[in-house]
Amino acid sequence: KEGYLVNHSTGCKYECFKLGDNDYCLRECKQQYGKGAGGYCYAFGCWCNHLYEQAVVWPLPKKTCN
């Protein structure tokens, strides 16, 4: 599974500005989804890959980013 890293309290994607390989996104994806996860910056949001199937990614149901 893959998808955008989401802040569960706000419903917003984690923003990033250095597209492609991005240490911040990689670190945040691993912290939220485990050491097997990967991550990079895609379209100014942290995109995580190699996730377990039940991983929660953006968008959250009934939670819009404010």
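Placement of Cβ uses the backbone N, Cα and C atoms for every residue, glycine included.
Candidates considered were Cys48, Cys65; the recorded disulfide partner of Cys12 in Swiss-Prot is Cys65.
Swiss-Prot names the disulfide partner of Cys48 among Cys16, Cys25, Cys29 as Cys29. Here the disulfide-bonded residues are Cys16, Cys25, Cys46, Cys48, and the one with the most other Cβ atoms within 10 Å of its Cβ is Cys48. Packing around Cys65 (disulfide bond) is summarised by its Cβ count: 12 other Cβ atoms lie within 10 angstroms of its Cβ, all protein chains included. Under the DSSP three-state reduction, Cys25 (disulfide bond) is assigned to helix. Under the DSSP three-state reduction, Cys65 (disulfide bond) is assigned to coil, being neither helix nor strand. Applying an 8 A CB threshold to same-chain residues 6+ apart, the list for Cys12 (disulfide bond) reads Val6, Trp58, Cys65, Asn66.
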